[in-house]
Amino acid sequence: MAFQECVIEIAQEQAEAWSDALFDLGALSVSVEDADADTPDEQPLFGEPGLEPTRLAWNRSRVVALFDEETDPALVVTAAANALKVDPVPPYALRGVEDQDWVRLTQSQFEPIRIGEKIWVVPSWHDAPDPDAVILELDPGLAFGTGSHPTTRLCMQWLEANVRAGETVLDYGCGSGILAIVAKKLGAGDTVGIDIDPNAVDASRYNAERNRVEASFALPESVSEATYDLVVANILSNPLKLMAAMLSARVRPGGRLILSGVLERQAEEVAAAYAPWIPMSVWRSEEGWVCLHGTRPAAPADRS
């Protein structure tokens, strides 16, 4: 059985209504994407730590509806526009989707990934290429972080090169938990992961258990205001700038901060946001993304 995808670009405030209308009119699935994804205009959706996102769609949103081959998408789009009192009917594009063994296709897109010198991220349906390496068994799922994105790889490379045995670690915006898990496998001590998304917290706990790693994962409001030897945050530049004071305060004096999710052109402004507390510099770049690192100045010696 073949399928059809109908793609409509709409304004932010219409995204949820169009999604509901298309689904009610027979779409098999509906997703909303950033129409500016992978461009300089790409927008993150985020809220302050512990709060819900303030926006549910992007300024330019793309609604993608899937239909079976017997449905006429033109009639559905027209009916949805009428139901929403939208005139004229917005332009849309159609593209065919051939039926396939979707499980096998998905699995074929995720091969083991080597990161740094000795780290391998291995999906559960593959054997580890090097059993003596640092192996992370991780499948694509609900939360960001499988090692395929340059920002994740950069953070993992930094950890491999710099983590010290027994250091305490905070992974802020932990996603899948991959950075917390690799830190533990590289010898870190007590490790905590924080995310504002409950699904990410659940995914991190599951992945830690699968990898036989002891680490704690929780929502921000459930974690004490402790300081750590290492704080790593792989998010995006705007939330990193907003959280500069908070993240800097979670680094103990003499501890280190690692930031990624930052484009090369954004590195200077992110570093400037942290300058009052921690001097940050670019450690390494990859495919236009950077990893920044810095050390919090040690507390002045007591001269009394």
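Heads up, the Cβ atoms here are built off N, Cα and C, so glycines get one too.
Annotated S-adenosyl-L-methionine binding in Swiss-Prot involves THR152, GLY173, ASN234 plus, out of the candidates ASP130, ASP132, ASP195, the residue ASP195. Its Cβ taken as reference, ASN234 (S-adenosyl-L-methionine binding site) is surrounded by 27 other Cβ atoms within 10 Å in the chains shown. Taken residue by residue with DSSP, GLY173 (S-adenosyl-L-methionine binding site) is part of neither helix nor strand, so it is coil. Look at ASN234 (S-adenosyl-L-methionine binding site): DSSP puts it in a strand. Its own atom aside, the Cβ of GLY173 (S-adenosyl-L-methionine binding site) has 26 Cβ atoms within 10 angstroms in the protein chains shown. Secondary structure at ASP195 (S-adenosyl-L-methionine binding site), as computed by DSSP, is coil.
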